[in-house]
Amino acid sequence: MEEIQQQQQQQQQQQQQQQQQQQQQQELTQEQIMEFKEAFCLFDKDGDGCITADELATVIRSLDQNPTEQELQDMITEIDSDGNGTIEFSEFLNLMANQLQETDADEELKEAFKVFDKDQNGYISASELRHVMINLGEKLTDEEVDQMIKEADLDGDGQVNYDEFVRMMMING
């Protein structure tokens with residue numbers, strides 16, 4: 001009885017994963033899908049519809065992504081849904097959809113940082129933060145602005161650099 005329930009749970013999980021994957025794939029444009037298919041086929045030497053982990057690394061790098069070895073291992077573990085050690089095109093497509101979403105988030109953070117960094121010197125000062133907060137309708141005291149800077153300023157230089165800004169945004173989401 002318990003075994004049947006476990007099988008049903010596994011089937012439900014697989015169906016949910018497939019639905020998520022289909023949704024992610026739908027967010028890709030036809031042009032993106034064709035570009036990914038082209039790259040995938042270039043490295044699928046024997047034409048069996050699968051690529052190895054090493055080939056995956058080469059494909060991803062050919063698409064201007066530069067993951068570390070650990071990131072590659074994590075990707076493979078995450079996307080090799082059937083656990084056969086090779087990557088089918090549908091699994092590859094899911095990976096690339098995820099990568100694009102992460103890239104979009106990075107771009108949004110860079111744009112947000114530029115809004116705060118008025119003089120474009122790579123740092124957000126207390127006065128720049130105060131200026132943006134006032135424009136957003138936030139009436140903060142000097143102490144509150146200083147406190148915000150202090151919380152985000154990990155290296156203690158009195159300003160917030162991009163890495164500190166990203167960390168702050170990830171924590172406060």
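Any Cβ shown, glycine's included, is placed from N, Cα and C.
Cβ contacts within 10 Å of D46 (Ca(2+) 1 binding site), excluding its own Cβ and spanning all protein chains shown: 7. Classification of D46 (Ca(2+) 1 binding site) by DSSP places it in coil, neither helical nor stranded. The Ca(2+) 1 binding site annotation in Swiss-Prot covers D44, D46, D48, C50, E55.
Annotation source Swiss-Prot lists Ca(2+) 2 binding site at D80, D82, N84, T86, E91, citing sequence analysis. Around E91 (Ca(2+) 2 binding site), the same-chain residues at least 6 positions away in sequence with a Cβ under 8 Å from its Cβ are I79, D80, S81, D82.
Taken from Swiss-Prot, the feature Ca(2+) 3 binding site covers D117, D119, N121, Y123, E128, and the record attributes it to sequence analysis. In three-state terms derived from DSSP, D117 (Ca(2+) 3 binding site) belongs to neither a helical nor a strand segment and is classed as coil.
Marked as Ca(2+) 4 binding site by Swiss-Prot: D153, D155, D157, Q159, E164. In the three-state DSSP assignment, the secondary structure recorded for Q159 (Ca(2+) 4 binding site) is coil. Counting Cβ atoms from all protein chains shown, Q159 (Ca(2+) 4 binding site) has 19 others lying within 10 Å of its own Cβ.
Positions annotated as domain 'EF-hand 1' by Swiss-Prot, on the basis of sequence analysis: 31-66. Tertiary neighbourhood of the domain 'EF-hand 1' (31-66): same-chain residues 25, 72-73, 75-76, 84-89, 92-93, 95-96, 99-100, selected by CB-CB distance under 8 Å and a gap of 6+ residues from either end.
Mean predicted confidence for the domain 'EF-hand 2' (67-102): the pLDDT average there is 80. What Swiss-Prot records for 67-102 is domain 'EF-hand 2', and it gives sequence analysis as the kind of evidence.
Annotation comment: Swiss-Prot describes 140-173 as domain 'EF-hand 4', evidence class sequence analysis.
According to Swiss-Prot, the feature region 'Disordered' maps to 1-27.
The Cβ neighbour count for D80 (Ca(2+) 2 binding site), using a 10 Å radius and every protein chain shown, is 17.
With respect to their backbone Cα atoms, E128 (Ca(2+) 3 binding site) and Q159 (Ca(2+) 4 binding site) stand 10 Å from each other. It is D117 that, of the binding-site residues D117, D119, D155, D157, has its Cβ surrounded by the most other Cβ atoms within 10 Å.
Here the candidates are the binding-site residues E55, T86, D119, Y123, and by Cα distance the one nearest D153 (Ca(2+) 4 binding site) turns out to be Y123.
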